[in-house]
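Annotation comment: TrEMBL describes G11, C12, G13, K14, S15, T16, R120 as ATP binding site. For S15, the entry in TrEMBL reads Mg(2+) binding site. As annotated by TrEMBL, substrate binding site applies to D33, R57, G80, R142.
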Amino acid sequence: MKKIILLGYMGCGKSTIANKLSNCIEIPFVDLDKKIEEKANLSINAIFEKHGEIYFRKLEHQLFVELLNSPETLIIGLGGGTPCYANNHELLKEKGVVAIYLKASIDTLFNRLSLNKSKRPLIADKNDSEMKEFIAIHLFERSFYYNQAQYKVVVDDKTIDEVVEDIITILA
Ligand code: S3P
C-alpha cells in the first residue's frame, strides 16, 4: 500500500500540511514524532533529556520502519531529522513510497521557529542569533538527505492550501 511521506526541516509545516492534506484526500495521517511519544510514553523533550538523542534516533528508525511496513495507505509526517539518521533516506526510495520534501528558506524557518521552539530540544535553549546560524549550518548539512525525496515543494510565501494543492497535483 502507498505511503505519502512529508519531510523537511523543523518548522517547514509538515504536520499542518499533512493534516490538511489528510482531510482533502481522505488518507489517514500519522505523525512520527507523536508515535515516538506514545511508544516512549514521554514527550520528545523528555526523551532527549532522559535517554539522549541516540535512543531517540533508534526509536525513530524502528517506528518509521514499522509504519512503512503497515498494510494501510498512509500519509506519514517525519521529524526534521528522520531522513538524516540510520539510513532512513534509503527507505524514502522504496516501492510504494512517495516522498515529498517541503523546502523552506532559512528566513522562513527562523521566523516560524523563533515563535515555537520550546518543544524542540535541538533549538530550545538558543537565542535569536545563535538560532539563525544553527539553522543555516544544519539545513546545509541536512540538504543532501532531504534532496533524496522524489519530489520537492517550496513552501515560502505560500498558504497551507496552496502547498496542499501542489501536493495533490504531484499525487494525481
Ligand atoms: C528533530 C525534529 C523534531 C523532532 C525532534 C528532532 C530534528 O521534529 O523529531 O525534536 O532533528 O530536526 P519536527 O521537525 O516535527 O519539529
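Cβ coordinates come from backbone N, Cα and C, glycine included.
Structure with TrEMBL features highlighted.
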| residue | record | DSSP (3 states) |
| --- | --- | --- |
| C12 | ATP binding site | coil |
| D33 | substrate binding site | helix |
| R57 | substrate binding site | helix |
| G80 | substrate binding site | coil |
| R120 | ATP binding site | coil |
| R142 | substrate binding site | helix |
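With respect to ligand 1, the binding-site residues C12, G13, D33, R120, R142 contribute D33, R120 as residues with a C-beta closer than 6 angstroms to one of its atoms, given in sequence order. On its own chain, R142 (substrate binding site) has Y9, G80, G81, P83, C84 as residues at least 6 apart in sequence with a Cβ closer than 8 Å to its own Cβ. S15 (ATP binding site) sits 19 Å from R57 (substrate binding site), taking the C-alpha atoms as the reference points.
Fewest other C-beta atoms within 10 angstroms, among the binding-site residues K14, R120, are seen around R120. Binding residues for ATP (G11, C12, G13, K14, S15, T16, R120) extend across at most 16 Å, taking the greatest CA-CA distance.
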